Amino acid sequence: MEDTRTYFLFPVVLCLLTWVVDCYGLPLDNLNLRPVIGVLAQHPPDSMLVGLEDHNFTSYIAASYVKHLESAGARVVPIFTYREDEYYDNLAQSLNGIVFPGGSVSLTNSSGYGAAGRKLYDHVVAANERGVYLPIWGTCLGFELLTYLAADDTNWLARCEANNRADPLTLQVGYEVSQVFQEMPEDVKTILTMENVTVNFHHWCLTRQNFSTSGLSELFNLLATSFDDDGLEYISLMEHWTLPIFGSQFHPEKNPFEWANDDKHDAIPHTPNAILSAQYFANFIVNQARGNNQTFASSGEESSSLIYNYTPYYTGNTSGFLQSYLFRSDSTLMTNNNNSARTIPDQGITNDIQMHPINTGNNAGDTIVANPGYYSYQLLEGQRSVPPLLTSLQYVIPEID
């Protein structure tokens, strides 16, 4: 059958940003060497908040996604949910790429993740159609969200069992012309197809039949499949035919950065080859973002938006994520430049830390300097002191047993 699709591949699409730096036929100084990628937050599962119920956390991002992107040379901005349209409009014109992470919330507008995802997806499509190269990557739930949004808010997922299992990829006809694979080193391709290095944690799959019936095959190139516990074949890797939109049902970020030590997460591979293959995907995502030269309106706006303003919690004892960034919607911070509190939406500050003008000290009731010269907080009665080299704004001080 003749292929009647219309391809509006931009020059930047034609050069595959994978391991290379000087791409698109452009000189190096035309690439963005300071890429900033937004990662979408979502509502945390109740199990993650055991022991943190009083903190009113409303969203989270698993730290492994942040580390994954940072390992390839990007900085990360958390994208919060339940915001006005102007918030997403601004981010879509400031970020160099977007990641929809895995998780366990609804794909529909009933969740903040789904509602924000729709707005961001529409921005990505519109930006690329007007010639602005803006990539988006979806992992696991993010992959599923991409299929839902691309199918006009229709869910074509089927029940499956591919939870806590690592598998090789089965490459499909046409994979070799994709951006993901065209510049992939042969050793990485061999690892991905011969070894159990792509780890899965999902109960819903996009089958080959539904991929075709839904019309998604007209939008996406099916690159690879995998099989669930019952032998059901499902789509594990895809990319849009004409836009820089990519999705993996597996989790490349878990191989190097998730270390849950229980029988629910013991399939995560940590072999050298598993790390090498995972790093390829990190490099690919970030190099895609280097094709976009958007910036924030000011360096101050960029700095205040970055994930560095937050500190992750250890959540390895309550979830499958070793560390998580936890946010709440109405926290306040106080600067030492003035004694008035200012509201920072979705800021992950613990309720048992009170903000005060800077003093020095290390006993209960004294103030400990965090990010010296800017923020401080006070130890409450019954709490231990913190190390003198504290440099993190959010430091959970354990109570005395």
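Along the chain as shown, the residues are counted starting at 1.
Cβ coordinates come from backbone N, Cα and C, glycine included.
These features come from TrEMBL:
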SIGNAL    1-25  signal peptide
ACT_SITE  CYS140  active site, nucleophile
ACT_SITE  HIS251  active site, proton donor
ACT_SITE  HIS251  active site
Cβ-Cβ neighbours of CYS140 (active site, nucleophile) (radius 10 Å):
24
Validating a neighbour-count step here. Other CB atoms within 10 A of the CB of the residue listed as 'active site, proton donor': how many?
26
Work out how many Å separate CYS140 (active site, nucleophile) and HIS251 (active site, proton donor) at their Cα atoms, rounded off.
7
